[in-house]
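Asker: Here it is, the structure in full.
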Amino acid sequence: MSGLLQLDEESLYDHIFERYTLLTSNNDSLKQDLGIVDRTVSKITIDIDQFDFNNKKSNNDFYSIEINQPITSLNSSSVNNNSTTGYVVWSTTPFFTRWLIFHSNASIFRNGGSIELIDQDDELKLPPMFSNSVGLLELGSGIAGILPVTLGNFVGSFIATDQIGILSTLKTNILENLSQLNRKIVTSRSLNLNLDVDESTLLKRSLLSLECLPLDWELFDIKDTTKLDPALLSLFKEKETIYVLAMDVIYNEYLIESFLSTIQNLKSLAFKFNVNLNCLIGIQLRSEEVTTLFLEKAIIDYEMKVYYIQDNILESSRFSIYMI
């Protein structure tokens with residue numbers, strides 16, 4: 001079962017030491033790579049399934065996603081302002097998706113409830129993530145569209161965001177994998193889908209509002225909400241709870257400041273509209289210095305409450321998930 005370890009300006013260093021020591025002890029059983037699933041092919045299949053395949057009960061317990069990768073863009077110095085990491089599939093997102101949907105340890109996040117605060121003799125109440133009253137907002141989606149076409153089955157709204165140069169391939173991949181959204185009727189202005197849905201259709205499956213929007217962390221500003229994208233503004237006006245998801249976006253020191261500024265702005269927006277907002281940030285553990293700097297900036301400079309999700313499945317992997 002998962003628990004939350006709140007980090008402060010002192011305990012973060014103990015946490016970093018212990019987590020990277022554990023990572024080193026597991027090195028023999030873990031892949032030693034940067035985390036790209038396969039940079040040699042232009043089309044890749046990602047399967048998301050049960051941890052115990054013998055418990056598979058229906059087609060709803062398995063997802064197979066076909067992803068187009070513009071691998072020539074990964075090595076280009078002229079596309080997307082030379083920011084090219086989003087053009088391939090990274091392993092953090094499939095790992096997180098499988099853990100969240102299928103593992104019993106993640107049920108507290110799926111269904112909500114009280115989760116143990118480690119070393120505090122206390123608990124924190126989490127709202128359910130899997131509910132039609134919940135919206136998911138993904139930062140740094142990349143081109144794959146894995147989270148929208150899987151987690152979209154369990155929520156009322158999903159907004160996938162990235163820099164504008166990424167969005168065309170992201171939209172293509174989502175459209176080609178709509179069959180994975182087998183629990184929902186999808187409506188979307190950005191994808192031009194089912195803008196007029198009749199009531200008889202909604203009797204069979206519930207509605208998912210799914211949008212792909214540009215969101216540049218360095219330019220994101222909430223001072224004038226009338227300038228925000230209408231779909232993003234509607235998310236904050238209409239949903240009781242929003243979970244922000246950001247998978248493998250912390251991989252160098254240059255992105256940390258603008259990312260945390262964006263999280264801070266989103267939290268301010270949530271406060272304005274009385275929305276319960278939590279952020280789940282998945283990190284592949286590469287540079288100890290980058291992970292430390294991220295935690296220092298979040299906890300010390302931005303004075304954010306940062307929790308480490310302590311979980312045996314996560315700790316036997318190369319990934320850490322933090323909640324802000």
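Placed from the backbone N, Cα and C atoms, the Cβ positions cover glycine too.
Reproduced below are the annotations present in Swiss-Prot:
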type: BINDING; residues: Trp90, Gly140, Ser141, Gly142, Asp162, Trp217, Met247; note: S-adenosyl-L-methionine binding site
Asker: Could you state, as a whole number of Å, the largest distance between Cα atoms of any two of Trp90, Gly140, Ser141, Gly142, Asp162, Trp217, Met247, the listed S-adenosyl-L-methionine binders?
Answerer: 20
Asker: What does DSSP call Trp217 (S-adenosyl-L-methionine binding site) in the simple three-state scheme?
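Answerer: Trp217 (S-adenosyl-L-methionine binding site) sits in coil per DSSP, no helix or strand.
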Asker: For the binding-site residues Trp90, Trp217, which one has the sparsest Cβ surroundings, going by other Cβ atoms within 10 Å?
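Answerer: Counting other Cβ atoms within 10 Å of each of the binding-site residues Trp90, Trp217 gives the minimum at Trp217.
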Asker: Using a 10 Å cut-off on CB atoms, tell me which of the binding-site residues Gly140, Gly142 is the least crowded.
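Answerer: If we count Cβ atoms within 10 Å for the binding-site residues Gly140, Gly142, the smallest count is at Gly140.
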Asker: Looking only at DSSP and grouping its letters into three states, which state does Met247 (S-adenosyl-L-methionine binding site) belong to?
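Answerer: Where Met247 (S-adenosyl-L-methionine binding site) sits, the three-state DSSP reduction gives strand.
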Asker: Once near-sequence residues are set aside, which residues in the chain of Asp162 (S-adenosyl-L-methionine binding site), 6 or more away, have Cβ atoms under 8 Å from its Cβ?
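Answerer: Listed in sequence order, they are Gly86, Leu139, Gly140, Ser141, Gly142, Leu170, Pro214, Leu215.
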